[in-house]
Amino acid sequence: MQQSAFLELPKNFYELVLPEPQQNARLVTVNHSLMDELNCDLSDKQLLALASGNLTDESLINFNLIPLAQKYTGHQFGYYNPDLGDGRGLLLGQWHDKNNQAWEFHLKGAGRTPFSRRGDGRAVLRSVIREYLASEALHGLGVPTTRALAIASSQEQVQREIFEPRASLIRVTPTHIRFGHFEWAASLGKDALDALIAFVIQHHYPELAELPENEQAGALLKAVCGRTATLMAKWQAVGFNHGVMNSDNMSIIGETFDFGPYAFFDDFQIEYICNHSDVEGRYAYNQQPKIGVWNCQVLAAAFGQSVTEAEQTAALDHFVQTYNQQYVSEMNAKLGLATQQETDKDLIGDLLVLMDKQRVDFSLFFRRLAKLGHADENDLRRLLSQPEEFEPWFERYHQRVAQEALSEDKRQQRILNNNPSIILRNYIAQQIIEAAEVGNFQPLNDWVKALHSPFENHPGLAEFQQPPTPEQKGLQLSCSS
């Protein structure tokens, strides 16, 4: 491993902090698929030391680590908070894969830092398992996301709403820099802002370094807005509600970042709110694209000392254009369509209105749309409380499919390739957590393996490919998760 490149930034961007180790910790799980992708040859003993925070002076030297807590600010539920930073996580260092891509190793649940405020800096088994599951589920679905490498846990109890077992997780991503880092840099002045812009371009957008120097900051802002728009489109298409889209939870490289009270849809509800702390619905499913552009406006304002007003406007326009194009593209793929037409947006929108009205299971509807017009199409119609209301839409869909150059077999295959047979529903995550809390981690490992290939049939998980019971649906969580 190597020391984090983040240390190249001015010292007011971080504090050096050692983790508060877990005592008698065990390695709960290792993401061997990710280990292979990273060409990572760390032993289980080494991973346990990293994941549990048991880093002695010798191990710090051997690993070549200088752990640090990052300082940033951000807008939380629309209000600026200047007192943010890594309150329970530490950037340990970075690993280079065989392509020399640097991957940051970040320890979530590392203990208190100067930015913990009144928190204890710890994480619990429930929350790290939820992050592990969600990041791997999104990765399997083709949605940009941070990843999870390993989990460690111990018998130490941490007080939340109840006492829960302490745990920690190694999060992996090329960078943990958030929109909030730029808000912090802007508050420090133009020199700090320019230093952060130059750092991000050098390490994460190197193609922009070829532009004239006075165009680079504006190009970076535009690129980040574009990636964020693409991410929003993908979230909407897979039925993912993040729940806490504060600007300090927005990745500068357009990845899903910081998993709390998230949810994948059971029944489709356009105004669904997964976070029961979000009483006003600011981060409801249908608000996510709007909040995405709102956060980009915050980012553009933070760039204000280094870009022109015209560059800010161009970046935000780029978000809107990118989102509109990407969203239709993602949804058309779910419908088995290979081309785009002007009427497709209405076809998609009208379908979602029907699904919302009848509370149709989101993932199962699109998966079973492959059966429309076939002997087993009743598997699709059984999802509908009033199938007759869908008939006009089905007719429009048939007409639209007829305009494609795809055979029926290819339409079906395109649908199956773009709609998962299994999805990480909240009740499934809760079952996995409950098993883990009594020492059974097999369901966790089995599900992570399955979530890496969600478009396959998985006959062993057939019971999870049916609509959940009323008791299993709509489980909401709070930010404490």
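Every residue gets a Cβ built from N, Cα and C, even glycine.
Per Swiss-Prot, the feature ATP binding site maps to Gly85, Gly87, Arg88, Lys108, Asp120, Gly121, Arg171, Arg178, Asp258; the stated evidence is sequence analysis. Here the Cβ of Gly85 (ATP binding site) has 23 other Cβ atoms within 10 Å, regardless of which shown protein chain they belong to. When secondary structure is read from DSSP and collapsed to three states, Gly85 (ATP binding site) falls in the strand class.
Other Cβ atoms within 10 Å of the Cβ of Asp248 (active site, proton acceptor), summed over all protein chains shown, number 22. According to Swiss-Prot, the active site, proton acceptor annotation covers Asp248, on the basis of sequence analysis.
For Asp258 (ATP binding site), the same-chain residues lying six or more positions away in sequence with a CB closer than 8 A to its CB are Val244, Asn249. Annotation comment: Swiss-Prot describes Asn249, Asp258 as Mg(2+) binding site.
The annotation region 'Disordered' is assigned in Swiss-Prot to 458-481.
Sequence-distant neighbours of Arg88 (ATP binding site) (same chain, 6+ apart, CB under 8 A from its CB) are Lys108, Gly109, Ala110, Gly111, Arg112, Thr113, Ser116, Gly119, Asp120, Gly121, Arg122, Ala123. Fewest other C-beta atoms within 10 Å: among the binding-site residues Arg171, Asn249, that description fits Asn249. In this structure the alpha carbons, written CA, of Gly85 (ATP binding site) and Asp248 (active site, proton acceptor) are 9 Å apart. If you draw a 10 Å sphere around the CB of Asp120 (ATP binding site), it holds 16 other CB atoms from the protein chains shown. DSSP gives Arg171 (ATP binding site) a strand state. In this structure, the CA atom of Arg171 (ATP binding site) is 16 Å away from the CA atom of Asp248 (active site, proton acceptor).
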